[in-house]
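Here the structure is laid out as structure tokens; the discussion comes afterwards.
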Amino acid sequence: MAVLNEEQEMLRDMAREWTVNESPVTEFRKVRASGEPEAFNRDAYATMAQMGWAGVIIPEEHGGSDFGFLSAGLVVEELGQTLTASPLVMNTVAASAIVLGGSDEQKAKWLPRLASGEAIATLAVDEGPSHDPAKIETSVSDGKLSGTKAFVHEAHGADLFVVAAKDGLYLVEKGDGVALTTRKLTDQRSHADVTFDGAAADKLASGGDSLLDDVLDRARVLTAAEMLGMAQQVFDDTLAYLKQRVQFNQVLASFQALQHRMADLFADLAQMRSAVEAGLQAVDGGFGVARAATIAKAEANRVMHTMANEGIQLHGGIGMTDEYDVGFYLKRARVLEASFGSSSWLKDRFSKLSGY
Amino acid sequence: MATQIEPATQTDEDAFRAEVQQFLADNFPAELKGQSNALAGVDGPTNETPAQTKWREAVGARGWGTPTWPKEYGGGGLTKAQAKIIDQEFAKAGAYNPIGGMGVMMFGPTLLEYGNEAQKQEHIPPICRGEIRWCQGYSEPNAGSDLANLQTFAEDKGDHYLVNGQKTWTSGGQWADKCFAIVRTDKSDKHKGISFMLIDMDTPGVEVRPITMISGTSPFCETFFTDVKVPKENLVGEEGQGWTIGKRLLQHERTNISGGGSLARLMGQSLGDIAKKYQPTGADGELADAVLRDKIADFEIRWNSFLLTARRAMEESKAAGGVSEISSVLKKLGTKLSQERSELLIEIRGLQGLGWEGDGFSDGELEAVRAWLFGKATTIYGGSTEIQNNIIAKRVLGMLDHQ
Ligand SMILES: Cc1cc2nc3c(=O)[nH]c(=O)nc-3n(C[C@H](O)[C@H](O)[C@H](O)COP(=O)(O)OP(=O)(O)OC[C@H]3O[C@@H](n4cnc5c(N)ncnc54)[C@H](O)[C@@H]3O)c2cc1C
């Protein structure tokens, strides 16, 4: 755990208390059972926004607290632990695009509403099933944006889309010229292909050439933070299970073959935490962001992948049941792993950033 | 004006930095630039040149080789921030820290914690001055991972102990002046029968026989003790406290093996850059072998997050006061990764990366081969990886003892 300041500790403790008491995995089960494509609880999100979580990276003059990404990551990590379904991550990423690239007018119009929870935004970049920001066909002419975005996270609840077009990022409001096709993924959260057909688009004109990369790096570190919480939870649940399950007249935790696998996972988790926290801190520090975010997401992918598999294996048959939570973590893990950079994509980027 | 304690300010740091720079200008012999510290390693005898002696004495006199140790015992009495400045300035000047070895890495910190005043006065200052080489008398032929099974016996003879038995794998035993050893003082209790004592290597009855390693060097020895007299004042702590003290020392050892300077130095050169010298590249300067490129990136990402983990552990342990069981995690990760790096280096260089000797190979290539072979020891000594896993599972995760 990074060394935190007092505000950050309070924020994390508050998030932990709320998720454990008000948003345990049973809440996610309810969301799933409701079958609503937007797949989150509006009341719960309103409460989260009231606690200030939607505005953690938004400047104070626009209604946020401006605590930064390490702070946002602390909240997201807690939400990940209980698989709380909410658009908080995507809303934060989309808000960061406006913070970095918006005009004063755009900021004044959107940021206070995104901070208060009154409006929800998301990010729409990829146009195929694999993350590839170099392959964008979406284009804008005369302020009208056209193109199709694939598997947009939290699309159903979004009032505002931050859309990547060939020549930059645009704000597009839901409504005329915006059509959603639901894509149900294994994590049972909100995903949709979004077709923009001459939708009114407002360019995020500041932020320079690197705006899209900068925003995606923020998506990477926050997604990695969610995965960190998930990995921690799978580890804790698995360890607790091994300590109470008896076979051969002894608890499973007494078998060395299993002890060593847990020691491996524990060490992996330590690495994942270091990488994710360093990624969040790099965004706050504004230095070495691309590299740090690549490492953060790559480590999150690697460790979460193994953690989810081992979590199931070490639970035995019960891990395969829908009644048990561990399977939910596996399903969400793979969706996040494929989003904003698969492991091979990230390694390619790391090589390029390193000059080989 | 109210009095208050001022935190160290930028100007304090600048002043100290200037002091270090001046010290280097006055004392560091130009001919030593770029050399490394022979005394810190355990793989060769020291035949110091006059310049090396001069440099060691200059650093030792200030206590700057052990900058954070207490001044009263010859350390620098400096803060961590100041120690870092010394590191940075030495590195900039191409100067090595001439004070090292097991005395600095593991024995000194342990003695500062458990030794009595007379022992600290006697043994710490010579470590700070780099005058005394210590070796570690722990392992025995039948006490490796099961270290507490050690049988070397110290019999109470009133004013001294009479030590008989055999240690093995004693790194640097043939060059050491003194040995910190764990020995048995009570045969009736496996753990509580162990005591920690200090043995002069030139005491009659101590005999060392070097062993040759797969890397071709002989850095370690068998050490035999036959009726070796050890004065009672060389017992550290109480009789029977040796297991506790001995384990504490291992935590320092593990922290050093994993997070120590040698690994950080390795990180200096990107494997990707090395690979570009040995392997074909494409139009954008990228490695043409996509599989190798992916392997290198995969390694370097994990290596980076390991370094971040070592740094995080240091920051977190500052408050908690020194080394802890996290040292097991760092040791396990760091040694595995450095072995992987050595293997990748060979893969990158092909047969050119497997040279044993001769003009057809650069110094760097040859050193990498020896380091690759020696590196296999890192997952064995200081408690093997399997033993670290046991420690993590039982002490950190609270999993039960297996049968
Ligand atoms: C280069 C080098 C330098 C050294 N320097 C020193 C020194 O200066 N001083 C000193 O005292 N010692 C030194 N050692 C010794 C070192 O500490 C021992 O080699 C180490 O403790 C392992 O003991 P062992 O060799 O007897 O292996 P063993 O204990 O016989 O182990 C053999 C294998 O079995 C595994 N194993 C053992 N027990 C368990 C278990 N309970 N569960 C699962 N797996 C297990 C081990 O991990 C290992 O893989 C050095 C060793 C090397 C290689």
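Cβ atoms are placed via backbone N, Cα and C, with glycine included.
So that you can see what the record holds, here are the features copied from TrEMBL:
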- A:5-118: domain 'Acyl-CoA dehydrogenase/oxidase N-terminal' (DOMAIN)
- A:215-344: domain 'Acyl-CoA dehydrogenase/oxidase C-terminal' (DOMAIN)
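In the domain 'Acyl-CoA dehydrogenase/oxidase N-terminal' (A:5-118), helix, strand and coil residues by DSSP number 82 helix, 0 strand, 32 coil. Averaged across the domain 'Acyl-CoA dehydrogenase/oxidase N-terminal' (A:5-118), pLDDT for the predicted model comes to 97. Sorting each residue of the domain 'Acyl-CoA dehydrogenase/oxidase C-terminal' (A:215-344) by its DSSP state yields 110 helix, 4 strand, 16 coil.
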